[in-house]
Amino acid sequence: MASYTIVYFPVQGRCEAMRMLLADQDQSWKEEVVAMQSWLQGPLKASCLYGQLPKFQDGDLTLYQSNAILRHLGRTLGLYGKDQREAALVDMVNDGVEDLRCKYVSLIYTNYQAGKEDYVKALPQHLKPFETLLSQNKGGQAFIVGDQISFADYNLLDLLRIHQVLAPSCLDSFPLLSAYVARLNSRPKLKAFLASPEHVNRPINGNGKQ
């Protein structure tokens, strides 16, 4: 029986990184899908700590905030670096992912038509730090930190994949990031999840953009 439950809208959004993590780590979970009409009625929203989703259940532990959920899974499943130094770097990477994700969400939900061209033009400067980090770790042939996968890898992979949908050539000038995405995409359990109807048929965002 699954001990994890994801309560979220019928989109990838802020939950796909945790789904990728759980699938790749051979963990089972349940989905409680919240229709927007139901959400707008109010009671569920009022019951959520910050008035927002996702909500995550791990047994009797209830968590909100997607990055807190990822960090919890990182600690629980041994995906937080091998020592405190690596854990600090994993946190740094994840904060960098969050910075770019917030820019992406703002574009998608508030300024897509008018802002997409400028966003894509500025994208290389936001991707470059991740290419640099890869180059500093085993020549870019491993993970974003150390020699074992971390929760930040799943979050970064999700971020890069959705940007490849937004701008298909965005990684062309970043050979290490391109190889990194291909390498993680090919992990057997993750590859199976990414090919599954659950992933393929779930839109990235909730407003029809991607």
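Every residue, even glycine, has its Cβ placed from backbone N, Cα and C.
Cβ neighbour count for Ser66 (glutathione binding site): 22 (other Cβ atoms within 10 Å of its Cβ, all protein chains included). If you look up Swiss-Prot, you'll see Tyr8, Arg14, Trp39, Lys45, Gln52, Leu53, Gln65, Ser66 marked as glutathione binding site.
Residues or ranges marked as domain 'GST N-terminal' in Swiss-Prot: 2-81.
Secondary structure by DSSP for the domain 'GST C-terminal' (83-204): 92 helix, 0 strand, 30 coil. The domain 'GST C-terminal' annotation in Swiss-Prot covers 83-204.
There are 18 other CB atoms within 10 A of the CB of Tyr4 (phosphotyrosine), with all protein chains counted. Under the DSSP three-state reduction, Tyr4 (phosphotyrosine) is assigned to strand. Annotation source Swiss-Prot lists phosphotyrosine at Tyr4, citing similarity to another entry.
For Thr62 (phosphothreonine), the same-chain residues 6+ apart in sequence whose C-beta sits under 8 angstroms from its C-beta are Lys55, Phe56. Reduced to three states, the DSSP call for Thr62 (phosphothreonine) is strand. Look at Swiss-Prot and you will find Thr62 tagged as phosphothreonine.
Annotation source Swiss-Prot lists N6-acetyllysine at Lys128. Around the Cβ of Lys128 (N6-acetyllysine), the number of neighbouring Cβ atoms within 10 Å comes to 13.
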Original post:
Non-local Cβ contacts of Lys45 (glutathione binding site) (under 8 Å, 6 or more apart, same chain)?
Top reply: Trp39, Gly51, Gln52
Original post:
Long-range same-chain neighbours of Tyr8 (glutathione binding site), Cβ under 8 Å, sequence gap at least 6?
Top reply: Arg14, Cys15, Glu31, Glu32, Val33, Val34, Leu53, Pro54, Lys55
Original post:
Looking only at Gln52, Gln65, the binding-site residues on record, which one has the least crowded Cβ, with the fewest other Cβ atoms within 10 Å?
Top reply: Gln52
Subject >> Spatially closest candidate among Tyr4, Gln65, Ser66, the listed recorded positions, to Lys128 (N6-acetyllysine) (Cα to Cα) >> reply: Ser66
**OP:** Quick one: pull the CA-CA distance for Tyr4 (phosphotyrosine) versus Gln65 (glutathione binding site), whole Å only.
**Re:** 15
